[in-house]
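**Student:** From TrEMBL, for reference:
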- 19-145: domain 'RDD' (DOMAIN)
- 185-210: region 'Disordered' (REGION)
- 20-44: transmembrane segment (TRANSMEM)
- 56-76: transmembrane segment (TRANSMEM)
- 112-130: transmembrane segment (TRANSMEM)
- 142-163: transmembrane segment (TRANSMEM)
Amino acid sequence: MSTRSGPTARADKRLGVVRLVAWIIDWVCILGWVGLTAAVGVPLHLAGLTGGLSYFQLNLIGALVVVVPVVLAAAVTESRPRAATPGKRLTGLRVSKGHGGPSVWAALVRNALKIGVPWLIGHAAVFALTMPGDTSGAVPPIVWLLTAFSYALPIAYVASLFLHTGRTPYDAATGTSVVRVPTHHGHATISSPTPPGPGKSPLRTRIVPE
């Protein structure tokens, strides 16, 4: 088993730090959406309008109102020519797949694994802990397992930024990677695939403002 060292490894670690910063910026944006939905949902809950809903129904509503829009928004931004969420754009990064950016499907799967799965598991754990249970107050083992996994998965994602190639599990699963955006006189150079033909390059390069 070989280990990477020297300038290449240091470059990977620097990229990992930048990706982490981009991740934090994205989550600040996400928390804005969470706050907006909470401003609507909390008064409804306090008014007793959600009292008749089951554990499953509450989880489903939470997923449809909060998680799904976030995953879709991230997928749309990463499948566009810039191939970057707001955090990646601000830190000079983009998602790469092959000779261009990811397709809508690849970006959707990528963000479902990155954001959707950990969030839904954590969401289910929180609801299970707060829903009325048996009078003994004992927490079922499955709830502890969900809680532990909801913490372990994001930690594993962050750790993977600084291990081996620096690719996260959701990068590997979708055949994507995150790279720095090359600049040309203060502008970002973005390459995207075009159908190959006689005398044509498989890449089309556009210069867009940073």
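Heads up, the Cβ atoms here are built off N, Cα and C, so glycines get one too.
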**Student:** For the transmembrane segment (20-44), give me same-chain residues lying six or more residues beyond its boundaries with a C-beta closer than 8 angstroms to one of its C-beta atoms, as numbers and ranges.
**Tutor:** 50, 65-66, 69-70, 74, 85-88, 90-91, 93, 115, 158, 161
**Student:** Summarise the domain 'RDD' (19-145) by DSSP state, stating how many residues are helix, strand and coil.
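**Tutor:** The breakdown for the domain 'RDD' (19-145) reads 91 helix, 6 strand, 30 coil.
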**Student:** Return the average pLDDT for the domain 'RDD' (19-145) as a whole number.
**Tutor:** 88
